[in-house]
Amino acid sequence: MGPTASGKTALALELAEKHNCEIISVDSALIYRGMDIGSAKPSAEELARGPHRLIDIRDPAESYSAADFRADALREIEQIISMGKTPVLVGGTMMYFKALLEGLSPLPSADEAIRAEIQAEADANGWEALHAQLREIDPVSAERIHPNDPQRLSRAIEVYRISGKSLTELTQTKSAPLPYDVVQFAIAPRERKVLHELIGQRFRIMLEQGFIDEVAQLKARGDLHLDLPSMRCVGYRQCWQYLDGEFDYDTMVEKAVAATRQLAKRQLTWLRSWPELNWLESGAEGNLVTLMRQCR
């Protein structure tokens, strides 16, 4: 695990090449076909060195949940183990890792009619009014969910309207945890400013590789929009808005880099509270040796 641009892929490839391992991607952007540059998807050369499972498994118009990931990952883990190999799960989508390790609550599926109803209420009265509703039905979730987070706010209210139970109540019951012994590692630079520099450098490389053209091709399909999970991935939203003329090129770069740094900050916040985690420093010599020693 680790924040974006921390060197997870390079270490995973080294591990796969030198030991009897197969890689499973744990990344909510890499699942989408046609989103290669902006998601920092491993190159063809890297995939030849170490194939990644759960990459390119969905169209950007499709949804993919943590429950979908857990089911897919469990199947891949079982298959890799049956081949006499060790699964290596690599990525930065902490919600996926958490779902896999701890199990998931039996939440109801999305209801498009109720979602539309909630959106109409938000359009009429504002998200603050809906947040007040959430405080009445689920004060614990209301403490965690900010009024400016419409996706999570809408989902919490939707769950209550479908089931008659609060999100807090339902999340207290979870499916069985992962039935395997897991050794967990996180990799990140020692200093945050180093990570920030790496993020900026990587985004500039993405632009040189043709990221704007990639987003333009996705936009030209006509069936994608900014409310889809795929198009909410960092970088894609900002580039889409630039192509829509909402701001100039320099502002797009600034906003995309800032959004990526915010993502890295959230990832690090998750990791700092993660139990039983072994830390590695990005770029440090001997990371693979340290990792293998901890796995014995």
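Each Cβ is built from the backbone N, Cα and C atoms, and glycine gets one as well.
Listed ranges 27-30, 119-122, 187-190; the one Swiss-Prot annotates as region 'Interaction with substrate tRNA' is 27-30. Checked against Swiss-Prot, the range among 41-45, 56-60, 151-155, 281-285 recorded as region 'Interaction with substrate tRNA' is 151-155. Between the listed ranges 70-75, 232-237, 274-279, Swiss-Prot ties the annotation region 'Interaction with substrate tRNA' to 232-237. Shown in sequence order, Ala40, Leu195, Leu198, Ile199, Arg202, Thr260, Ala264 are the residues of the chain, 6+ apart in sequence, with a C-beta less than 8 angstroms from the C-beta of Ala5 (ATP binding site). The separation of Arg115 (site 'Interaction with substrate tRNA') from Ser6 (ATP binding site), Cα to Cα, is 36 Å.
Within 10 Å of the Cβ of Gly7 (ATP binding site) there are 19 other Cβ atoms, across all protein chains.
Those same-chain residues not listed among Thr4, Ala5, Ser6, Gly7, Lys8, Thr9 yet with C-beta within 8 angstroms of the centroid of the substrate site C-beta atoms are Gly2, Pro3, Ala10, Ala40, Gly92, Ile187, Ser282. Packing around Ser6 (ATP binding site) is summarised by its Cβ count: 26 other Cβ atoms lie within 10 angstroms of its Cβ, all protein chains included.
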